[in-house]
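I have placed the structure first, in the form of structure tokens, so that the comments after it can refer back to it.
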Amino acid sequence: MKEKTIIIVGGGQAAAMAAASLRQQGFTGELHLFSDERHLPYERPPLSKSMLLEDSPQLQQVLPANWWQENNVHLHSGVTIKTLGRDTRELVLTNGESWHWDQLFIATGAAARPLPLLDALGERCFTLRHAGDAARLREVLQPERSVVIVGAGTIGLELAASATQRRCKVTVIELAATVMGRNAPLPVQRYLLQRHQQAGVRILLNNAIEHVVDGEKVELTLQSGETLQADVVIYGIGISANEQLAREANLDTANGIVIDEVCRTCDPAIFAGGDVAITRLDNGALHRCESWENANNQAQIAAAAMLGLPLPLLPPPWFWSDQYSDNLQFIGDMRGDDWLCRGNPETQKAIWFNLQNGVLIGAVTLNQGREIRPIRKWIQSGKTFDAKLLIDENIALKSL
């Protein structure tokens, strides 16, 4: 019997890890990866950090260059897909080539959510999703230049830190009343706000751009009435899923390809993962997780489901952010208001814990990354703690 053919569409973390997971889990059939980028699949997190700060930055490949040939994965880089061929099981490229598939994994990622007022600036306005974006930003982030960043989420703050370290004059504009409001607990939000302000970043909360004039400098008029002059304008206000191919194939979409708990779409032969995917929960709500680890996890889950294998046991959600000399790691549930703090954030070393009825459900470490491993185990096991002991620095965490 002829083995099935699996095609992966995409060139990022989820796509590469889907290929790796399929081979690791025993798939020996024909495996193809199609990407519109000419690079081998590369890591996205460094784009806002090391790619802007290092003297001679290099793209960090998700898998070694020789892995693809050694594992008999056919790479098709720099190509554009015309149709997925859901009915015919024939993927068609714009150059006329067609490729048969039995199962499909879509990991086309996402673009920056548009901001028309700034997009009208053309090349004077920047977003950050790809290696080319980072290269363009690196050229313009020069000392003493005035940089305005719209959006104080993870990407916005990482860019603010990198631009400041490149000796730019940075202002961040945020519509909400806080920074990193979507994915950090309140005490961490407060710490980050103060950290950036101490570094010289001006952060304008509860504000937005109302009018833009393009001249020698970009003139930005805010809702507050203030006018800013900028050499460089960057924005990061969320994502717009690259779902067009899926939508044209009549898959369920909602600013993302709708998947179930095993990454399967409404077509049992088509799976999706990474930033392009949005999961329908048991209660019917849609949930998207934009992180490096989620891309890896969904690739593993989809590979197992495609091969009819038991699903891997996944750790609690985890992501990290590097800002200035700080490394922050977020694990577990970030919701809730009653966070405990171990250590002193003013010394740039602390851990915030989220206890629910004594059970540890989430944590954030500040320059304490070595503690993530035991914390992960505690969250997975539902370990209970005495709050006083947990925050007592005289008691080693490993002894609890």
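Any Cβ shown, glycine's included, is placed from N, Cα and C.
Feature annotations, courtesy of Swiss-Prot:
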- 5-36: FAD binding site (BINDING)
- 146-174: NAD(+) binding site (BINDING)
**Study point:** Local backbone state of Gly29 (FAD binding site), from DSSP in three classes
**Key:** coil
Practice item. May I ask which of the binding-site residues Val150, Ser162, Val170, Glu174 is closest to Gln25 (FAD binding site) if we compare their C-alpha atoms? Key: Ser162
Study note, to complete from the structure: Neighbouring CB atoms within 10 angstroms of the CB of Val150 (NAD(+) binding site), all protein chains considered, total 23
Point to revise | Same-chain residues at least 6 apart in sequence whose Cβ lies under 8 Å from Val9 (FAD binding site) | key: Ala15, Leu33, Phe34, Ile81, Leu84, Leu91, Leu104, Phe105, Ile106, Ala107, Thr108, Leu245
Review point. Looking at the binding-site residues Thr5, Gln13, Ser21, Gly29, which has the shortest Cα distance to Ser162 (NAD(+) binding site)?
Key: Gln13
Revision key, fill the gap. argmin Cα dist to Gln13 (FAD binding site) over the binding-site residues Ser146, Val150, Val170 returns Val150
Revision key, fill the gap. argmin Cα dist to Glu174 (NAD(+) binding site) over the binding-site residues Thr5, Met17, Ser21, Gly29 returns Met17
Review point. Which of the binding-site residues Thr5, Met17, Ser21 has its Cα closest in space to the Cα of Val170 (NAD(+) binding site)?
Key: Met17
Check your understanding: Whole-number Å distance between the CA of Thr5 (FAD binding site) and the CA of Thr154 (NAD(+) binding site)?
Key -> 38
